[in-house]
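Engineer: This is the structure I have questions about; it appears just below.
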């Protein structure tokens, strides 16, 4: 998860997020080179009194500064479109989870099981145990098996919400009356935190999301315990 004074993104926990980080670095380098070139030109124009008459009226230069931005836009647009289509791919998910946004908590339903579902509320500050994070910990985590394709169906019961987990590269709007879907694969075990990313009312800041990725054997044990309790 993010920590104070962090400059970059969170460490990627899914293949899609890894692609997003690579694209960010690729685009940032292009922006850095353009900014350096423009700054150099500005300094050179301000600090020199020399004038080149061939620069003032040159079709070759006009061709370059027309074609070069078009090439740069292609270098940005093509990988961006590739990742956009990768984020929409949902291939044979092993598990489907329905996430419903409420004012102000999330409820999860494991649709592959008959009666596996629960509500997920934020743990109040006074109830936190050592090692838990304020405003981010929940009483019930969304447990998923690692290295398995997971499909998440996202909707809301009252107002607009957004189900977002930065480390997994996921942000999906939860719209009342509409069922949106997204998918992810966790590449390693861990606990990944997120929050509602749509301003949904007075307690918008108090409906966190916690995804816990565990080995498949542990997930099976957890689901069996949850079914017995229900």
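Cβ coordinates are placed from backbone N, Cα and C, and glycine is handled just like the others.
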Engineer: Between 27-51, 102-126, I'd like to know which one TrEMBL lists as transmembrane segment.
Structural biologist: 27-51
Engineer: Return the average pLDDT for the domain 'Cytochrome oxidase subunit II copper A binding' (92-225) as a whole number.
Structural biologist: 94
